[in-house]
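Enquirer: Swiss-Prot lists S107, I356, F357, Y445 with the feature chloride binding site. Among the features that Swiss-Prot reports, intramembrane segment is placed at 109-116, 177-189, 193-201, 387-401, 405-416, 417-421. Sequence annotations record features per position, and here Swiss-Prot assigns motif 'Selectivity filter part_1' to 106-110. Annotation source Swiss-Prot lists motif 'Selectivity filter part_2' at 146-150. Summarising the annotation, Swiss-Prot assigns motif 'Selectivity filter part_3' to 355-359. Residues or ranges marked as topological domain 'Periplasmic' in Swiss-Prot: 70-76, 233-252, 310-329, 377-386. Swiss-Prot lists 33-69, 77-100, 124-141, 148-166, 215-232, 253-281, 288-309, 330-349, 355-376, 422-438 with the feature transmembrane segment.
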Amino acid sequence: MKTDTPSLETPQAARLRRRQLIRQLLERDKTPLAILFMAAVVGTLVGLAAVAFDKGVAWLQNQRMGALVHTADNYPLLLTVAFLCSAVLAMFGYFLVRKYAPEAGGSGIPEIEGALEDQRPVRWWRVLPVKFFGGLGTLGGGMVLGREGPTVQIGGNIGRMVLDIFRLKGDEARHTLLATGAAAGLAAAFNAPLAGILFIIEEMRPQFRYTLISIKAVFIGVIMSTIMYRIFNHEVALIDVGKLSDAPLNTLWLYLILGIIFGIFGPIFNKWVLGMQDLLHRVHGGNITKWVLMGGAIGGLCGLLGFVAPATSGGGFNLIPIATAGNFSMGMLVFIFVARVITTLLCFSSGAPGGIFAPMLALGTVLGTAFGMVAVELFPQYHLEAGTFAIAGMGALLAASIRAPLTGIILVLEMTDNYQLILPMIITGLGATLLAQFTGGKPLYSAILARTLAKQEAEQLARSKAASASENT
């Protein structure tokens, strides 16, 4: 009985099959692979830029404080130098923005959101230097601003720069690299890779085009930027608050109450930001000299506060562990909270190049600590720790203001390394977000973008009317 044996492939047929396979590989569209490779390039560059920005801000702050040491024996002179050093640095930042790249003012995150919707231009050749050096001036001067705004906008513009340099074509490549740079910027600012990914998916969900290629690119960019950050910095939590105790199940209702408080305060805070923008615009009226002088006055005030009451100035990273440890009395916490609300509104609403993430994290920490101290006194049977409410409050104001609870929760967990508090943080963040949504009002970045687009439309209409008038004459 015969059995069929498989025929062996001839050498000629094997060569032909290999040629066909190679031809198919060569003819395949390389765009997805090119995008992923460029995402790694973008993430690397963004990480290096974020590290340089962070080191530059720290160096300027050290130089500014070092200049005050030489005048320590003369108190009036000390206050004068403290005011002038911060005022000059702030004026430098305001001047760069107003003169060369107005779109580099403020956080920059709404600009990236507008660019993802094809509603705002990305002029990386002017935004990159202005945002970098302008942000060095304002943050180095001790203003109440965060570094995440500059790094996100710098990251998005680096994504567009890489796209233009390597001449990648197509909307998918442009959109993906822009989003990748923004996510990498946030991840490098806070050493929080997962928060960077969630920031794009959650905060920029109306603008982000979710595809397999785009999300892979964001992952790759965030990984590379975080690696760059950790090469030049320690691989530890950005904010050291120690390991806090867990929250017992019978105390979780207190975190819901804390979330309700933030849900009420968040929309009010957003209205204050927009109202302060209108007020300060009436002060300078669009005049560059008045605008720079106003910025110098605000920066000088922050410089004075940084010497007289350090907890009320700066981004707030130094304040968070001190407040969480319970080193402030209730009266001092109230003073710090009120003072930082005022300085945050003045600095951010004035159009200074800088973010608002870090100041809001500090505000949430202070308010959460105050709530925790009250809870400790009212419910001694629970054996509460005020620091756990501080951690829960950190992300709650962020959740209520920009309506990104997941980003706020994961960001705080990655920054503090207290993952055991994830359940109370979810409860606080969800309560804050839901109540803020029910009370109405737009998320902060969406409201700022809407204002920017309305102003852009008005300017375009005015130019078209002027052009029509000149043609008629």
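Using N, Cα and C of the backbone, Cβ positions are placed for all residues, glycine too.
In terms of burial and nearby residues, how do these features look in this structure?
Expert: Residues within less than 8 Å, Cβ to Cβ, of I356 (chloride binding site) and separated from it by at least 6 positions along the same chain comprise S107, L145, G146, G149, V273, T344, F348, L444.
Same-chain neighbours of the intramembrane segment (177-189): 35, 38-39, 42-43, 46-47, 50-51, 54, 109, 112, 115-116, 122, 146-148, 151-160, 162-163, 168, 195-197, 199-200, 204, 208, 214, 217-218, 220-222, 224-226, 228-229, 357, counting only residues six or more beyond its ends whose CB sits under 8 Å from a CB of the stretch.
For the motif 'Selectivity filter part_1' (106-110), same-chain residues at least 6 beyond its ends with a Cβ under 8 Å from one of its own Cβ atoms are 131, 149-150, 152-154, 156, 182, 203, 348, 351-356, 445-446, 448-449, 452.
For the motif 'Selectivity filter part_2' (146-150), the model's pLDDT averages out at 92.
Note on the motif 'Selectivity filter part_3' (355-359): residues 107-109, 144-150, 152, 189-190, 273, 315-317, 340, 344, 347-348, 398, 411, 444 of its chain, located 6 or more positions outside it, place their CB under 8 angstroms from a CB of the stretch.
Helix first, then strand, then coil: DSSP counts for the topological domain 'Periplasmic' (233-252) stand at 4 helix, 0 strand, 16 coil.
Outside the topological domain 'Periplasmic' (310-329) by six or more residues, the chain places 139, 142-147, 238-242, 244, 302-303, 335-336, 339-340, 343, 358-359, 361-363, 365-366, 369, 373, 386-387, 390-391, 394 with a CB less than 8 A from a CB of the stretch.
Applying DSSP to the topological domain 'Periplasmic' (377-386) sorts its residues as follows: 6 helix, 0 strand, 4 coil.
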Enquirer: Need a quick answer: max count of Cβ pairs under 8 Å to the transmembrane segment (124-141), which of 33-69, 215-232, 253-281 is it?
Expert: 33-69
Enquirer: Considering all pairs of residues in S107, I356, F357, Y445, annotated in the record as contacting chloride, what is the maximal C-alpha distance expressed in whole angstrom?
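Expert: Between the most distant Cα atoms of the chloride site, 11 Å.
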Enquirer: Can you name the far-off residues of the same chain, 6+ from the ends of the topological domain 'Periplasmic' (377-386), with a Cβ under 8 Å from a Cβ of it?
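Expert: Distal contacts: 244-245, 248, 250-251, 254, 326, 369.
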Enquirer: Please report, as numbers and ranges, the same-chain residues at least 6 past the borders of the transmembrane segment (148-166) whose CB is under 8 Å from any CB of it.
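Expert: For the transmembrane segment (148-166), the list is 34, 38, 41-42, 45-46, 49-50, 53, 104, 106-109, 111-112, 115, 122, 124-125, 127-128, 131-132, 135, 139, 173-174, 177-186, 188-190, 221, 225, 353-358.
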Enquirer: Including all protein chains displayed, how many Cβ atoms other than that of S107 (chloride binding site) lie within 10 Å of its Cβ?
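Expert: Result for S107 (chloride binding site): 24 other Cβ atoms within 10 Å.
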Enquirer: Count up the helix, strand and coil residues in the motif 'Selectivity filter part_3' (355-359) according to DSSP, in that order.
Expert: 3 helix, 1 strand, 1 coil
Enquirer: Please identify which of F357, Y445 has the densest Cβ environment, defined as other Cβ atoms within 10 Å, among these binding-site residues.
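Expert: Answer returned by the neighbour count: F357.
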